[in-house]
Amino acid sequence: MITRLFSFKGGVKPESHKNESSGTPILTAPLPKRLVIPLRQSIRSTARCLVEPGQKVLKGEHIGEGEGGLGTSVHASTSGTVVEIASYPMAHASGLETLSVVIEPDGEDRWIDHTSLDLRTVSREEALAWLRGCGIVGMGGAGFPTHVKLGGGRGIDTLVINGAECEPWITCDDRLMRERAPDVLSGAMILRELIGAKRVLVGIEDNKPEAIAAMQTAASGLGDDVAVVPVPTLYPAGGEKQLIRVLTGVEIPQGKLGTDFGVQCFNVGTANAVHRAIRFGEPLVSRVVTLTGNVARPGNYEVLLGTQVSELLALAGPKADTDRYIMGGPMMGTELQSLSVPVTKGTNCIIAASPALFPPPPPELPCIRCGACARACPADLQPFELYWFSRAKNFGKAQEYHLFDCIECGCCAFVCPSRIPLVDYYRFAKGEIWARERERQASDQARERFEFRNYRQEREKEEKAAKLAAKAAETRAKLAESGEAPAPPAEAEDPKKALVAAALARAKQQQAAVMPKNTDGLSADVQAEIADIEARREKLNPQDADKAP
Amino acid sequence: MLTAILVMTGIAIVLGTALGYASIRFKVEGDPLVEKIDAILPQTQCGQCGYPGCKPYAQAISNGEADINQCPPGGEEGIRKLADLLGREVKPLSEEHGTEKPKSVARIDEQVCIGCTLCIQACPVDAIVGAAKQMHTVVAPLCTGCELCVAPCPVDCISMVPVAATVETWKWKYPVHELRSAA
Amino acid sequence: MINSPYIRKPASVQGVMLAVLTALIPAIIVYASQIAAVVLVNLAIATIAALAGEALVLKLRGRPLAPALSDLSAVVTAWLLALCFPPILPWWATVLGVLIAIIAVKHLYGGLGQNPFNPAMVAYCAMIVAFPALMSQWPAAGQLDFATQLGLVLGGARELDAITSATALDTIKTGLRTAGATVQSIMSQGGNFGLVSGRGWEWLAPAYALGGLYLLARGIITWHMPAAFLGTLAAISAAFWLTDPAHYASPLFHLASGGAMLGAFFIVTDPVSGATTPRGKLIFAACIALVAYIIRSFGAFPEGVAFAVLLLNICVPLIDMNTQPRVFGHRGDKAR
């Protein structure tokens, strides 16, 4: 199959630094002393905990049940005892904590019973549920649940398998493709079947000739519509939208899914995980992580999810002048605020940084509108305009200039001669816009509820008034029946007053029964005056009137 | 001379008719200014501005009875937006109406609550559930943090708890500049 | 905390400015050897004035001196001005021009990156309006010895008609006012004309172009502006020249005269005050060429690039706003 390659505008060519860690085979990391497995493994969803402290678990045992549309299952990475369920810091720029299950391994690493799934005997929905149960999420970093992505629809023309790995330093996908090419392609075939794609394109940057060769060998027996395509090395060719553009020419705008354009894209790590999940029934409990940078023994390790970075780093031996650690690549990764954070499904790389390898940026200078950022932007944005707007907190304008099309790849900040932390401004502006959106929704809700409450109070008042009026009318009717003079009609207009008057009349009646006779036989004028006084007295003390009957 | 007068009169009649027609044809329903002001206000319904809710305050601003700096929950940014909308000067928050505080929600200490329903009656957005002689509780996502329920509680069991950032609500900070030296 | 990206291209504002200065060197060599060696003195005076002016304002504004002085942007402005001014301009006029550029045009608007107008061009226009006589005294190439030039620059007595001449553009312009004169007759008379334009001066144009190509190769400027500027200038002058060659100079003359080449590669391409979108750059530069040609041919001044640049600087926000490029994945709809 001959594939015509397309290109995207912009992009940068940072030094690749792949050779440091790509030379050695993937080693299995030793069993850590303890595992901290966050229940939040997929984007925007925290799983519900299924275990209790003290409980024994086996490797692959279900410990967290996914909740909501974006939830996936979480599993124990090894056999052992649950010692704690508590909040631990997670690998996130905020450094916030999340509920995690702490497991003390028993050293046996004993698997729970698991069997393969025969795709021919199950429906598509069952297969997707199976993947959800195995906790499969995108392993390129974002952690989007694979079953949700697959659920997007059938009738997909092209399945893109992303082996570009465009970020410098990272080599985990490279090693995975070199060593487990048949597994990755087997996973790709399963994904293809699930979405009914006509062709499969595996995109690999051409700076990984060994991986390309291995994948091409493995793909040779799979037919003409499976192709391993070397793509030019240009960051961010591994961005999902960029790779789809390069391989198929399709441009997917922000807010749209590949499904709408007949293309879907999965990472090679995800394909491998899908292969393990379907062919062996193994849930996702480990992944390949690159340890590199300022370390003595850079390389790739098969790491159990939940292994804390501090334990992992000992394998690579960070050098003395290491001053911080970056999770992910140097273009889009985050600095770790704590070494106790665990490896999660999206952790592809940990880089030990030293001032020599990653020098702190020189002081920021004003923007000179040179346009270098616009030429580097793979989303064809005008980054400096977005910078001006974000800096001035003119968020409306920033959105008008398509702030949300920004993929935060960092190309603009990479080339900026004034060394402005451009991406920070976009992150800030996006966060503020989201916060404002949330606030707006909350205030709309509050306004609605407030207005409803006012309406309800008004209605209750009216209802009460109507009830009182009805009661007053009833009392009056009763009084009329017993031959007493009805209350003055003027007062009857106000139900409360009428009621008071009625109560008064009743009291008078009672009074008449027990009163000494010396109040008898008074003139009508005097009686009316007394009634008025009584009414005023009642008005001052309305509760009494209410209670009167 | 006569021609000039006739021409001017003619123009006046034509333009007057056009304007009159336009004012009927394009009549604006309601008072959009009040709506616009109300949209800026945070809808806390706390009454700190001295009006019984955000809408009445919006009405008062629109009528020129109230100033734009009487809304502590809206804070500086709210004032700036109002100033933008109304073409007025930005001014600091009026101190007599309160100070800007971090967003909080009310929390009822359920051990102490006696079920008097006073807070339920005070809540402007019906965010407290409960019944007489039954324990009450605040529906946190609906609470606007107006603090109106705090004072009526006879046993002081309601406290305002600042809302902690979660991964969903955490925001990146404004990047720091180092342009200006200590001059 | 520093956030990603953690790696950066070793690019700097200083590097950009240094490249611009480097690109000016061929033209400076041609200028000094073919026309007037005193330009080197002017460059030095302008540089010192610019740095001193910049330091003064930074001090007054309470800003750190080192980063702003070392970014070399003031030196670029100074050099461009020294190359635009007549080489025998007295030193104080050069200093005044540079200070106008640095203080009034750059720093009063907020410093580097904030000025809506091209500082060098505002200063040039201010000087030409304030000192029309001084600003129109140009020596013929190689006519004066260095001592005389230096004497004039340092404020020596100016017996001008003997030692100065008009520029090629000026000669054509004033010459054409005489009844019956044609471009050919004017050019054949004077000894001040070389092959296509002013003798000696015409060699500056290829030298500027050479520097411009260097900037293009380095990626400091994009092709849009020089191409649109020179293309439009050539096209419009060709149109007039073909209709009436007696009264309109050839496109080659226009390209090689005055500030055309300097403008195309160094002035129009100033990023701070220019348009930024690809289409915007084309429109911006083309309009400058159009206005410059109109001023040259029909206006009061012999050279119009400076005025044209300022006129179009005002239009930059409008141009940028309406020429936003298509964003990735957005079909047909513009960024606005």
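Cβ coordinates come from backbone N, Cα and C, glycine included.
Because TrEMBL annotations are produced automatically, they should be read as predictions rather than curated entries.
What TrEMBL lists as [4Fe-4S] cluster 1 binding site is A:Cys367, A:Cys370, A:Cys373, A:Cys416. Residues annotated as [4Fe-4S] cluster 2 binding site in TrEMBL: A:Cys377, A:Cys406, A:Cys409, A:Cys412. Annotation source TrEMBL lists domain '4Fe-4S ferredoxin-type' at A:357-387, A:397-426. The annotation region 'Disordered' is assigned in TrEMBL to A:477-498.
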Secondary structure of the domain '4Fe-4S ferredoxin-type' (A:397-426) by DSSP, residue by residue, totals 17 helix, 0 strand, 13 coil
A:Cys406 ([4Fe-4S] cluster 2 binding site) sits from A:Cys373 ([4Fe-4S] cluster 1 binding site) (Cα to Cα, rounded, in Å) at a distance of 12
Looking only at the binding-site residues A:Cys367, A:Cys370, A:Cys416, A:Cys377 ([4Fe-4S] cluster 2 binding site) has its closest CA neighbour at A:Cys416
Residues near A:Cys409 ([4Fe-4S] cluster 2 binding site) by Cβ (under 8 Å) yet at least 6 apart in sequence within the same chain, in sequence order, are A:Tyr235, A:Pro236, A:Gly239, A:Met331, A:Met332, A:Pro378
Whole-Å Cα distance, A:Cys367 ([4Fe-4S] cluster 1 binding site) to A:Cys412 ([4Fe-4S] cluster 2 binding site), is 12
Apart from the site residues A:Cys367, A:Cys370, A:Cys373, A:Cys416, the 8 Å Cβ neighbourhood of the [4Fe-4S] cluster 1 centroid comprises A:Ile368, A:Arg369, A:Gly371, A:Ala372, A:Pro383, A:Phe384, A:Tyr387, A:Cys412, A:Val415, A:Pro417, A:Ser418, A:Ile420, A:Leu422
Among the binding-site residues A:Cys406, A:Cys412, the one whose Cβ has the most other Cβ atoms within 10 Å is A:Cys412
The most crowded of the binding-site residues A:Cys367, A:Cys370, A:Cys377, judged by neighbouring Cβ atoms within 10 Å of its own Cβ, is A:Cys377
Those binding-site residues out of A:Cys373, A:Cys406, A:Cys412 that pass a Cβ cut-off of under 8 Å to chain C are none
Taking DSSP helix as H, G and I and strand as E and B, the domain '4Fe-4S ferredoxin-type' (A:357-387) has 10 helix, 0 strand, 21 coil
One should report the C-alpha separation between A:Cys406 ([4Fe-4S] cluster 2 binding site) and A:Cys416 ([4Fe-4S] cluster 1 binding site), rounded to whole angstrom, as 16
Spacing of the two Cα atoms, A:Cys370 ([4Fe-4S] cluster 1 binding site) and A:Cys412 ([4Fe-4S] cluster 2 binding site), in whole angstrom, works out to 12
Close in space but at least six residues away in sequence, with Cβ under 8 Å from that of A:Cys416 ([4Fe-4S] cluster 1 binding site), the same-chain residues are A:Ala372, A:Cys373, A:Leu422
Counting only residues outside A:Cys377, A:Cys406, A:Cys409, A:Cys412 in the same chain, those with C-beta within 8 angstroms of the [4Fe-4S] cluster 2 site's C-beta centroid are A:Gly10, A:Cys373, A:Ala376, A:Pro378, A:Ala379, A:Leu381, A:Pro383, A:Ile407, A:Glu408, A:Gly410, A:Cys411, A:Leu422, A:Val423, A:Tyr426
